[in-house]
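Novice: This structure is in structure tokens; I'll ask about it shortly.
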Amino acid sequence: MIKIFLVTILIVITVTVDARFPRSLQPKWAYLDSNEFPRSKIGDSPIAGVVGGQDADLAEAPFQISLLKDYLIMKRHMCGGSLISESTVVTAAHCTYGQKASSLSVRYGTNQRTSSSYGDLKVKPIIQHESYEQDQTQTDKTIIILPNPVVPSTNVQMNEIETEDIVDGDKVTIYGWGLTDGNGKDLPDKLQKGSMTIVGNDRCNEKWGSINAIHPGMICALDKTQSGCNGDSGGPLVSANRKLTGIVSWGPSKCPPGEYMSVFTRPKYYLDWITKNIV
């Protein structure tokens with residue numbers, strides 16, 4: 001039976017403060033049997049990140065951010081995201097659903113998960129798409145406003161939203177600090193990247209349509225050996241000309257996914273909403 005992931009959040013207090021991945025901390029991919037979707041009968045499933053990827057230089061993704069969650073006496077990586085203006089980050093709604101802005105921070109200007117010479121910025125308002133529902137995959141996007149604008153530099157740059165058509169067969173790249181092994185527990189310290197190929201929505205819907213219909217606000221990508229899952233949520237999928245093409249949203253329970261596509265929110269489709277809320 002086909003299983004897919006949807007995301008829920010569960011915070012569990014624990015005394016673990018080392019580099020091990022706290023599975024209970026992050027928005028967790030959970031599986032739903034095909035005949036249950038999109039109901040909220042959720043169960044745990046193994047989680048993963050940019051599986052099969054490689055280290056990414058900061059120059060490749062100076063727009064990448066780490067969304068951090070206050071966790072006991074420290075901050076822990078929860079999701080990825082992209083700077084789209086000096087004061088605005090775009091990420092996935094499932095990363096911020098139910099979260100208080102006061103408990104979140106943004107780390108930027110680094111490809112090292114655990115350090116940045118720029119410091120971390122507390123999150124100001126969270127602007128979640130008004131149509132988003134926790135147990136569904138549509139409108140999976142949130143805008144985060146920073147209290148102070150970042151200063152653009154070699155290491156800190158904004159990512160422009162891709163407005164050109166991205167079609168079946170186009171090459172794209174995913175970035176993130178998610179787990180690199182579906183059965184692992186350790187997050188990589190260095191940003192990872194993975195190459196994927198766009199799959200047209202019609203073909204993607206042939207795989208997913210009976211479980212969760214693919215609509216124009218989604219974009220699909222596939223590589224049988226590389227993919228993004230938990231820990232990469234909210235992070236960027238970029239086109240060959242380095243523009244923001246997708247926001248990591250959901251995918252199959254197996255990582256890497258084999259013949260099932262990873263599914264991303266398509267920023268171009270929601271450009272009016274993003275433009276209205278950008279600072």
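Every residue, even glycine, has its Cβ placed from backbone N, Cα and C.
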Novice: Could you tell me which of CYS204, CYS255 is bonded to CYS220 by a disulfide, according to Swiss-Prot?
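Specialist: Between CYS220 and one of CYS204, CYS255, Swiss-Prot records a disulfide, namely with CYS204.
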Novice: Given the recorded positions ASP140, CYS204, CYS220, SER233, which lie close to CYS95 (disulfide bond), meaning Cα to Cα within 10 A?
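Specialist: The recorded positions close to CYS95 (disulfide bond) (Cα within 10 Å), listed in sequence order, are ASP140, SER233.
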Novice: Quick one: of the recorded positions CYS79, HIS94, ASP140, CYS204, CYS220, which has its CA closest to the CA of SER233 (active site, charge relay system)?
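Specialist: Result for SER233 (active site, charge relay system): the nearest of the recorded positions is CYS79.
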